[in-house]
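Student: Below, the features straight out of TrEMBL:
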type	residues	note
TRANSMEM	A:6-31	transmembrane segment
TRANSMEM	A:38-58	transmembrane segment
TRANSMEM	A:64-85	transmembrane segment
TRANSMEM	A:97-116	transmembrane segment
TRANSMEM	A:154-176	transmembrane segment
TRANSMEM	A:196-217	transmembrane segment
TRANSMEM	A:276-295	transmembrane segment
């Protein structure tokens, strides 16, 4: 009946990709940080700042891609701050991350208020438009389901592949993973764990910034200071779900988005019989279930959340 | 912003001039409220003032300040944990009236009001008024929603209209139920879809909910939340807005809005404070259509002529008090 028919609608699958995109960026970013041994709970705030900075750049006349770049650079700056505090100073990664989330969220609100005049509703930009891929977008069902996305969505999927390749098939990736497993051994091999961690955190935070910017440059066309709405925390959970593997991170983000897109459609299909709160819970419950199943085989980077101090035993 | 700045400058000048005369009075702690001096009003907004609901309050307060009725200062984005602190700070500062929202802090806000009996409070609330100085108001713009529904019911070709709401609190339910009732008055066979996004500020999610309803066949969307009309725009269908006029933001998409105006409620409370009357009452009724607090704003010629005429007839009846839009606070299905 209707409940299953939803899966046969192209609209559902198009929505899955749209909803998943910010999560893919965010999860890959958090994954990269954690692979080097540093938990980055600044993600929620960095996404907020990325959403604001990217939007603001475009609002002031920049190209949409330039907006994404600005968001990435701002993310990297917060990553630099996080790295300075957790890597150089070796402070608690939990506390620092939460501090950065609070700082970045408030700073985005503050800057937005300083720069953009108060209006009835916030001003808009022209966001990314779905791109038409000749041949593919016209295919029956598959076309509207998978090939009517905006460019950043394809970028997110490509990045998952690239990150997987870099982490597992290049010397650079090996250095990152080694630093996350055993920084002392890495140092003994001539890899500088401090540099690697700085790099991984900054690159990962840049991805988080882009994830936030997707919300203001593609999913919507205005910035609201509270619009990230916990998406960053979902990404942190998805990293565990993925067992720190980019391919599974992609899968996890798509799965979460599937449940979310599905519940929105369930509400209208069988909303009369079941309280809507149950539907809203679905993606989160399914994530917890998936976490329980996946976490059994999860391989946590051994040095995660351990500060590296040279010469320390 | 410009208005606010000039207002502040003016108030600085005024207070400078009045300093000598007023100092003794202020210091002795008695707050003499004269009928012709502007009331000192503080607005405490839990969300940014761009948020649709807060923008209604903010706009009305700015307008009142411009008219010289009040002096207005405000804080925005005040979180629930900080809200009572902000209330106390303004109360200590000696404002006459604090306007805000106590949805997340119903108990604490009433406690603050009890601690400052000389200050009047006018709060958006789902609860009751309390004491002599804690007045409340609801946001009842459902008359406009009903009228917009009457247009939508005649416009739909698929015979399906959809609504996207935040969370089914009484005010949201009233609104969506009224919209659906309006649709059904003119088109009893029409199917009405409802979805909730479970949060107040997530425009991308409201857009997704709107797209889901369009996929389910809806060809008119009622957006209780911003973001819904973006879905309608994307798919080239029509949408109805709520609280503010979204027509400029979505020119070819939004054709009607269930407007809400805060000014009548504010004016009533300001008048009570100036007259020295207790404000511990429910001001919601001033926000109804009869008193100019709610209305429909629509683009003529989008809906069929007969539909507009039937709607205008109802509008006149509501204003005259001969027709009452059903008030249904149950969760819409």
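Here the Cβ of each residue, glycine as well, is placed from N, Cα and C on the backbone.
Give me the local environment of each listed feature.
Tutor: Taking Cβ pairs closer than 8 Å, the transmembrane segment (A:6-31) reaches residues 40, 43, 47, 75, 141, 143-146, 148-149, 152-153, 156-157, 159-160, 163, 203-208, 210-212, 214-215, 218-219, 231-232, 234-236, 238-239, 242, 244-246, 249-250, 252-254, 256-258, 260-262, 264-266, 269 in its own chain, all 6 or more past its ends.
Tertiary neighbourhood of the transmembrane segment (A:38-58): same-chain residues 22, 26, 29-30, 64, 66-68, 70-72, 74-75, 78-79, 82-83, 86-87, 93-94, 96-105, 107-108, 111-112, 115-116, 125, 197, 200-201, 204-205, 208-213, 215-217, 222-223, 225, 227-228, 230-233, 235-236, 304-305, selected by CB-CB distance under 8 Å and a gap of 6+ residues from either end.
Through the fold, the transmembrane segment (A:64-85) approaches residues 29, 33, 38, 40, 42, 45-46, 49-51, 53-58, 91, 96-97, 100, 104, 127-128, 152, 197-198, 201-210, 212-213, 217 of its own chain, all at least 6 residues removed from its boundaries and within a Cβ separation under 8 Å.
Long-range Cβ contacts of the transmembrane segment (A:97-116) within its own chain (Cβ-Cβ under 8 Å, at least 6 residues beyond either end) map to 39-46, 48-49, 51-53, 56, 59, 78, 81-82, 86, 122-123, 223, 225, 228, 232.
Within the same chain, residues 20-21, 24-25, 28, 31-32, 35-36, 186, 191, 196, 200, 207, 214, 245-247, 249-250 sit at least 6 positions outside the transmembrane segment (A:154-176) and bring their C-beta atoms closer than 8 Å to a C-beta of that stretch.
Residues 234, 237-238, 240-243, 248, 252, 255-256, 259-260, 262-264, 266-267 of the same chain, all 6+ positions outside the transmembrane segment (A:276-295), place their C-beta atoms under 8 angstroms from a C-beta of that stretch.
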